[in-house]
Amino acid sequence: MFRSEEMALCQLFIQPEAAYTSVSELGEAGTVQFRDLNPDVNAFQRKFVNEVRRCDEMERKLRYIEAEVHKDGVHVPQVKEPPRAPNPREIIDLEAHLEKTENEILELSHNAVNLKQNYLELTELKHVLEKTEAFFIAQEEIGIDSLTKTLGTEEGGQQAATRGRLGFVAGVLQRERVPAFERMLWRISRGNVFLRRAELDKPLEDPTSGNEIYKTVFVAFFQGEQLKSRIKKVCTGFHASLYPCPPSNTERQDMVKGVRTRLEDLNMVLNQTRDHRQRVLASVAKELASWSIMVRKMKAIYHTLNLFNMDVTKKCLIGECWVPTADLPNVQKALADGSNASGSSIPSFLNCIETDEEPPTFNRTNRFTRGFQNLIDSYGVASYRECNPALYTIITFPFLFAVMFGDLGHGLIMALFGAWMVIKEVSLAAKKTNNEIWNIFFAGRYIILLMGCFSMYTGLIYNDIFSKSMNIFGSSWYVPYDNDTLEKNTAFTLDPKDSYIDKPYFIGIDPIWQTADNKIIFLNSYKMKLSIIFGVVHMIFGVCMSVVNYNFFKRRYSIFLEFIPQVVFLCLLFLYMVFMMFYKWVAYSTMSEDQAYTQGCAPSVLILFINMMLFSSNEPEPGCKEFMFENQGSIQRVFVLVALCCIPIMLFGKPLYMLSASKKKHSKTESSNGSVNPGIEMQEQTDIINSQPQPKASASHDHEDEPFSEIMIHQAIHTIEYVLSTISHTASYLRLWALSLAHAELSEVLWNMVLTFGLKDANYIGAIKLYVAFCFWALFTLAILVMMEGLSAFLHTLRLHWVEFMSKFYAGLGYIFQPFCFKTILEQEDEE
């Protein structure tokens, strides 16, 4: 992980009959990234477009089969071992089998729909006969005279004549259409239709979609053939199903018996059809996952083969790919296995070629390092062979997070959550989910685990567990007063001469500061200085990492013209400030016999640093000294002057050197123009094939091909940015102090205002209060202090790495290596 893998651009020469199996072996290996040699050719005009269409057709059939399987609720077992891509003979068999399976399921579905349609019609007819029976009984009870009075508009003498000519239409209609149906009948008949209806209690099944539909049985009584035709047209418009209904009671009873018998027979046939369909789908479901993987692999192979180019003789396929040099033996073995599997007599071979194109970046990772590499790649993929910050981020990222999140209790919660995900990672990874938040947490499980462990360590150093301190090793302070004195006074100032045993607490902060009134003042000063110390060390480390890039890319002049002035500038100003902090801690003490080195005379490091930059001074207090040691003022002036001298070196050094080097190169080129032999020598073919390409320096790290003015502008921007960033970035690390203090104070407020509420009463009511208070305290602790504060500290840590650390040496202008790998292709399609 120190830097990306060395890559080689290779040519593949494969016989057409071995192309499919060879690419299949390369897909299983997942070590090559193919280049498109036909960028100007339309996708529909490539050589293997017909094979891709065959794969699309098989995918369509598989989607249909899968939809039918899921519709019937048949379980599809997961594949334990993914099958390999089928060979050409197996492709024909698979295609025929899918065709047969699809036709069989289509026929079963068509038959099932027809049977369900018949069953629905018979069920509706049964309901019509049963419901209309009640209508006709009510009609007989009311009497036909009263019915005809409501229908007739003529004189009473004609009512008896029309008594036998009353007709009716019976059928079934969807329930939501009944109100509109009634209004339409009223309008077309001008109120001369008598409509009776009854709702069905149970819903019926739609034979096509399988959805439940609620329907209503209706009977419309009318007079005359003309009105009958109008009513039937309205029924057709409202998609109502009309059924014959005999007027005679005996005929209706006989018809109901016949319909019930037919329903029983049809129900038996439907059950048999359903069982047969279940057996067919169950047998298909066992192979469905394997078929899907095989077809997707086959399609990926033909898509890849479309990137190849055919040679002039049409007897060889030529492809180009990027390969990690460490994996070249694996690629050669895959090509040999592919040729053997196809039975080709001519072996495929690999040829490494030289190129000026920048190779892709490939950082080999595992489950532990992948999360940290993703953090770096989110900022920008490293340029080819550039120093990779992910290796150092494994330690620095959780540590800086823990400086802001330092709490032993909160760190333990985070560590337990991360440890659970790590221990159960196999079973949790097997559960596919589309929850983005969970997927982010799971992908960073090792980061969360380390952040939790480091937070436990810093919480131990801060002596902070849920805002409380632990007195494990005994405080180094003691109270020299008796009980009477303590009872009479509310607060005392402990003098270290009388109350300190001159031996610090074993590890971390002394627990006595938990009860001190000046706790915040002390922690402010302590954590502020720590943040500056960590920040300066982190930035110096980032500047030193640039040496690795300069040395690797053969730009050693940048070590003298950029690195040394940068690190001298940073050390003489800000590392010197860190030195003053340590010197102040060591030199000044209450126990000192020299008054100038007692705690009251300790100068402010910030004031000293400001005076150093402004070449000014302050008058010290009586008995004190302005500086910490002898000749400090002179040393500081020298430091500032040397630091200022580094700026023109950073600004003009590299441009002038490159201008001089380009002039020398130009003069050498002119002197070599008269030579008869310009240095071109013949090279044997075997040497070309076996030679490994030497990668050139990344274009993002060099400006040699640019004119002097462009180089000068770039260097001016870079110098101004560096000088200003040393100040702004140092101040930016104060976020370590700010977030740490905010986290501790918020935790203390939550304890004092929530949990303490349940600790005030000593009776049984206090137990109930404590239970409720603890529930709220635990909820707020998890939601606010662990999740929200943890996310805030994570984002600030990410910024410190991306901007303050990586900007010192990291370009991040590369592009990621995306190998042709079946495993990756299948995972991406499953996520979609």
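The backbone N, Cα and C atoms fix where each Cβ goes, and this holds for glycine too.
Any TrEMBL annotation is an automated prediction that lacks curation.
Residues annotated as coiled coil in TrEMBL: 91-118.
Residues annotated as transmembrane segment in TrEMBL: 390-423 (among others). Long-range Cβ contacts of the transmembrane segment (390-423) within its own chain (Cβ-Cβ under 8 Å, at least 6 residues beyond either end) map to 1-2, 363, 369, 372-373, 375-376, 441-442, 445-462, 464-467, 530-531, 534, 538, 541, 545, 735-736, 739-740, 743-744, 747, 781-782, 785-786, 789-790, 793-794, 796-798, 800-801, 805.
Within the chain, the transmembrane segment (443-462) has long-range Cβ neighbours (under 8 A, six or more residues past its boundaries) at 367-368, 370-372, 374-375, 394, 397-399, 401-403, 405-419, 421-422, 425, 507-509, 740, 744, 790, 794. What TrEMBL records for 443-462 (among others) is transmembrane segment.
Marked as transmembrane segment by TrEMBL: 530-553 (among others).
Annotated transmembrane segment per TrEMBL: 559-583 (among others), in sequence order. Using a Cβ-Cβ cut-off under 8 Å and counting only residues 6 or more beyond its ends in the same chain, the transmembrane segment (559-583) has close neighbours at 529, 532-533, 536-537, 539-540, 543-544, 546-547, 550-551, 605, 608-609, 613, 628-629, 636, 639-640, 642-643, 646-647, 649-650, 653-654, 657, 722-723, 726, 730.
When Cβ-Cβ distances below 8 Å are used as the criterion, the transmembrane segment (595-615) is approached by residues 529, 573, 577, 580-581, 584, 587-589, 621, 623-628, 636-637, 639-640 of the same chain, each at least six residues removed from its ends. Taken from TrEMBL, the feature transmembrane segment applies to 595-615 (among others).
The transmembrane segment annotation in TrEMBL covers 635-657 (among others).
According to TrEMBL, the feature transmembrane segment maps to 770-788 (among others).
Residues of the same chain lying 6 or more positions beyond the ends of the coiled coil (91-118) and with a Cβ under 8 Å from any Cβ of it are 54, 58, 61-62, 64-65, 68, 205, 207-208, 266, 269-270, 273-274, 276-277, 280-281, 284, 291, 294-295, 298. Averaged over the coiled coil (91-118), the predicted model has a pLDDT of 91.
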